[in-house]
Amino acid sequence: MVRLNLCCPWSRCCGMGDFRPRTVWLGHPEKREQRYPRNVINNQKYNFFTFLPLVLFNQFKYFFNLYFLLLACSQFINELRLGGLYTYWVPLGLVLAITIMREAVEEIRCCIRDKEINSQIYSKLSTRAKVKSSGIQVGDLIIVEKVSLVLPFPGSCFLRTDQLDGETDWKLRLPVACTQRLPTAADLLQIRSYVYAEEPNIDIHNFTGTFTREDADPPVNESLCIENTLWASSVVASGTVVGVVIYTGKELRSVMNTSNPRHKVGLFDLEVNCLTKILFGALMMVSLVMVALQHFTGRWYLQIMRFLLLLSNIVPISLRVNLDMGKMVFSWMIKKDSKIPGTMVRSSTIPEQLGRISYLLTDKTGTLTQNEMVFRRLHLGTVAYGMDSMDEVQSLVFSVYTQVKRRKNNMHESRQSATKVRKTIISRVHEAVKAIALVHNVTPVYEANGVTDQAEAEQHYEDTCRVYQASSPDEVSLVQWTESVGLTLVGRDHSSMQLRTPTGQILNFTILQIFPFTYESKRMGIIVRDESTGEITFYMKGADVVMAGIVQYNDWLEEECGNMAREGLRVLVVSKKSLTDEQYQDFEARYVQAKLSVHDRSLKVATVIESLEMEMELLCLTGVEDQLQTDVRPTLEILHNAGIKVWMLTGDKLETATCTAKNAHLITRNQDIHIFRSVTTRGEAHLELNAFRRKHDCALVISGDSLEVCLKYYEYEFMELACQCPAVVCCRCTPTQKAQIVRLLQERTGKLTCAVGDGGNDVSMIQEADCGVGVEGKEGKQASLAADFSVTQFKHLGRLLMVHGRNSYKRSAALSQFVIHRSLCISTMQAVFSSVFHFASVPLYQGFLVIGYSTIYTMFPVFSLVLDKDVKSEVAMLYPELYKDLLKGRPLSFKTFLIWVLISIYQGSIIMYGALLLFDSEFVHAVAISFTALILTELLMVALTIQTWHWLMIVGELLSLACYVASLVFLHEFIDVYFITTVSFLWKVTVITLVSCLPLYILKYLRRRFSPPSYSKLTS
């Protein structure tokens, strides 16, 4: 049974408020001093009454949607009506219906998820009754049961916080000590006790509070910290937890840490918007010209409105829908690609962004490397042990305990023949190994293996059943190494630790204090008492930058740390300090007093601990290696050949980051490296920037501190120089700095950026980048869930960009230009028709012809362009230089747009003038000839554009043609059915279609013959 201060495992409520500290009485929510929010989830954007109004408002707040709405509404005015109301309302209604249905489906799914969570049943201690999560109140005692691992010791539990901080390892949580002496959990309701807790805040790594029991003699006061809490969104892995609810609803840490990421709008969408604005300007200009040529006679302003309606197809209403549907297809293709399994698309609005990335910013640990630590080096100052000499360390450790055993057996001293120097080496190695085996937060857990059950495995310390649990893979690798050399961690609880020697002897240590690792302190410590000797020892390990000022003076620490870092090893400095009983008692009194403080607790506790951290004995350095992920080198080479500049942003040491960059070939062997000197002032930054400016084509390596100084005083100059480098490595970077670099690259270069990371510290960078890619790794799924795209391995990034990014961009460009071409063709025909008939504002096509043209007659072939590709995926991967062509935005540029506009004007004019010249007597014949030629022209133009045929493209072409032929039977109101069966109709349509399309086919052939595109040589 575990009794913890439970901070409510349920979320979420909207809104924030004025938060205050609170006193919470156990099991008595009615004694609350203030009103607390309800513990309900509400992720819905709408309710039953606001759904339709808000959805419509969100659609019509954009100019073009509002423009089409005004056009449709204008048909209720008789002077402006140009046919049936459905001519304008059906297309608009179709677009709105698709949007409303999509929003409705998402809202229903969201509502169902909310209802499921709010209706989850939990046990309430007061009556052992079941209560819904929405009915839980501050002060309730809630029972949470989950058993999957054997508890390392009574009263504790494991939990996982990967949805909060991205860490997937199990964390140990401890109970309030005085509650463990109660006979049963129900006795919690009989005592007079309360928890004083700090006000709600966003810090998930710290908690300040006190537990007070008033009816004890004397009254009990215990300090509460992060180790006594279970945050919302945590997963309990073991034990039965009885917790008092402290925070609910909007006051939960998980809710307060939820920020709405910026809504990313793709560069392609902005370019399309720009083109539609140009089209709208053209529409206004053509309408004014039409009325001007009438000399503004009569009610000319009504004529302008009628021409705006007649030529409204110039701005295609179907463009947005086609592009959105295309993006959904591209996203589906990415998810279904068997060569990049597990890839997810979490933002389906920007897949074409992947085709235009100029800068890729990547994390190191867990992204380029595997985040699987392997122990490589033990350095004692005068001697170092590598992987090839670990058996020597094992023999030295073994000799220590065999000598101890001999002494206990009263063996003669003459049998100990080792020299004094040998004893010194043995002693130093033993002290180092023992320190590494003790200074950690690793817990051995025993599981059944099919032969031995859990209880027996735990009792006998079965090696085959033991699993190490820790919050860091570094710590597990160190404990596994001590096991390999003979000193095995076999047991641990909140107050003791057991080590097994090579001879099978169990060493017992009492844990007096633990000082956990934090990102601020960059070190962790532990005070233990050896039960066999009574000695009290303070062990500490940490990063060299902080440990250098804590250990006694030496002349080798800095040099050897640098050497090991240059080999790509992650270095930790291990030290110890022996304490007398009096020293420890004095420290404990001050430490307990500091922990009971409610105000500035962290500062007071740190001050007390620092009083111990002086003149510590340096024992050793440890080096662990984080190996590169599979195919990192070829992937980075592909990105480099594609014209993408890669920057590595990491929190690791400068030497380690540089070594990894070289090892991954981010920096090539023959490439010069400029290591930016550490600067702290404006003058130093100016001198160093001048020195860097004199170098050409060299990689830059800079630390976070120097980067901050440069960006403060010389932001423009630094970014200008850095952008010219083939590769940049920024080490010791904070998450905020990573996001800042991404933002500066976007502002200074105007190029698209892609950020890749795997941990919670990469989320800011991922959300800031134009494309965020999360790697599902050892550090959890937080980065993956926050990203626009997630992959399982870094090597999948190559195919994601070279194949899917390239195809998505080229297909989107072709689709958008064809939709614009389709609309411009019919608008040109309308303009020609009106100009021939004295600028009359009379529609050329009415009713279903207008609607059918942009839907069932041409929609399938045009949309099938999303399946087109210029080269096979294998070729795109083999020749990444093809990707480089896209960085200039040529598939959709003003040049290509102008070409398609001219093609549309040419074809629309040919079809309309041809029909007017060739029709005999009745105008309805001209409608039949021109409309049929228009449909055939569109189908032929799709065929002209396609570069690689897919069977669905053929089906689309044939289906559209069949739909048109079949619908002619029902279009007798607009088309003479008998006329279309005559030879006269057929030859006239054929001639007009050939004149409109054949020149373009000839031009395409000549272009491919004399000025072929870069990919054509690869496809031949």
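Glycine is no exception: its Cβ is also placed from the backbone N, Cα and C atoms.
Caution: TrEMBL annotation is automatic and unverified by curators.
So that you can see what the record holds, here are the features copied from TrEMBL:
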| type | residues | note |
| --- | --- | --- |
| ACT_SITE | D363 | active site, 4-aspartylphosphate intermediate |
| BINDING | D363, K364, T365, E475, F517, K541, R570, T650, G651, D652, R732, K738, N761, D762 | ATP binding site |
| BINDING | D363, T365, D758, D762 | Mg(2+) binding site |
| DOMAIN | 28-89 | domain 'P-type ATPase N-terminal' |
| TRANSMEM | 48-70 | transmembrane segment |
| TRANSMEM | 82-101 | transmembrane segment |
| TRANSMEM | 270-294 | transmembrane segment |
| TRANSMEM | 300-323 | transmembrane segment |
| TRANSMEM | 819-839 | transmembrane segment |
| TRANSMEM | 845-867 | transmembrane segment |
| TRANSMEM | 897-917 | transmembrane segment |
| TRANSMEM | 923-944 | transmembrane segment |
| TRANSMEM | 951-971 | transmembrane segment |
| TRANSMEM | 977-1003 | transmembrane segment |
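Everything TrEMBL records as a feature, shown here on the structure.
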residue: D363; record: active site, 4-aspartylphosphate intermediate; Cβ contacts under 8 Å, 6 or more apart: M648, L649, T650, V756, G757, D758, G759, N761, D762, M765
residue: F517; record: ATP binding site; Cβ contacts under 8 Å, 6 or more apart: N441, S472, R523, M524, G542
residue: R570; record: ATP binding site; Cβ contacts under 8 Å, 6 or more apart: M373, D474, G623, V624, E625, D626, D652, K653, T656
residue: G651; record: ATP binding site; Cβ contacts under 8 Å, 6 or more apart: T365, G704, C731, R732, C733, T734, N761
Within the same chain, the residues 6 or more beyond the ends of the transmembrane segment (270-294) and with Cβ under 8 Å of it are 64, 67, 300, 303-304, 307-308, 311-312, 314-315, 319, 323, 816, 820, 824, 831, 834-835, 839, 841, 889, 892, 897
Averaged over the domain 'P-type ATPase N-terminal' (28-89), what pLDDT does the predicted model reach? 79
Count the Cβ pairs between the transmembrane segment (819-839) and the transmembrane segment (951-971) that lie under 8 angstroms and are 6 or more residues apart in sequence, then report whether there are at least 3. no
Please identify which of T365, N761 has the densest Cβ environment, defined as other Cβ atoms within 10 Å, among these binding-site residues. T365
Including all protein chains shown, what's the count of other C-beta atoms within 10 A of the C-beta of D762 (Mg(2+) binding site)? 33
When counting Cβ pairs under 8 Å to the transmembrane segment (977-1003), the leader among 300-323, 897-917, 923-944, 951-971: 923-944
Do the transmembrane segment (951-971) and the transmembrane segment (897-917) share at least 3 Cβ pairs closer than 8 Å, excluding pairs fewer than 6 residues apart in sequence? no
Non-local residues, at least 6 beyond the ends, that sit with Cβ under 8 Å of the transmembrane segment (300-323): 64, 67-68, 71, 74-75, 79-80, 82, 88, 91-92, 94-95, 98, 269, 272, 276, 279-280, 282-284, 286-288, 290-291, 294, 812, 815-816, 819-820, 822-824, 826-827, 830-831, 834, 841, 843, 850, 854-855, 859, 862-863
Here the binding-site residues are R732, D758; which one has the lowest number of other Cβ atoms no more than 10 Å from its Cβ? R732
Are there residues at least 6 beyond the ends of the transmembrane segment (923-944) whose Cβ is under 8 Å from a Cβ of it, and what are they? 818, 821-822, 825-826, 829, 844-845, 849, 853, 857-858, 861-862, 864-865, 907, 911-912, 914-916, 953, 957, 960-961, 964, 974-976, 979-980, 985, 988-989, 992-993, 996-997, 1000-1001, 1004
For the domain 'P-type ATPase N-terminal' (28-89), how many residues does DSSP put in helix, in strand and in coil? 32 helix, 1 strand, 29 coil
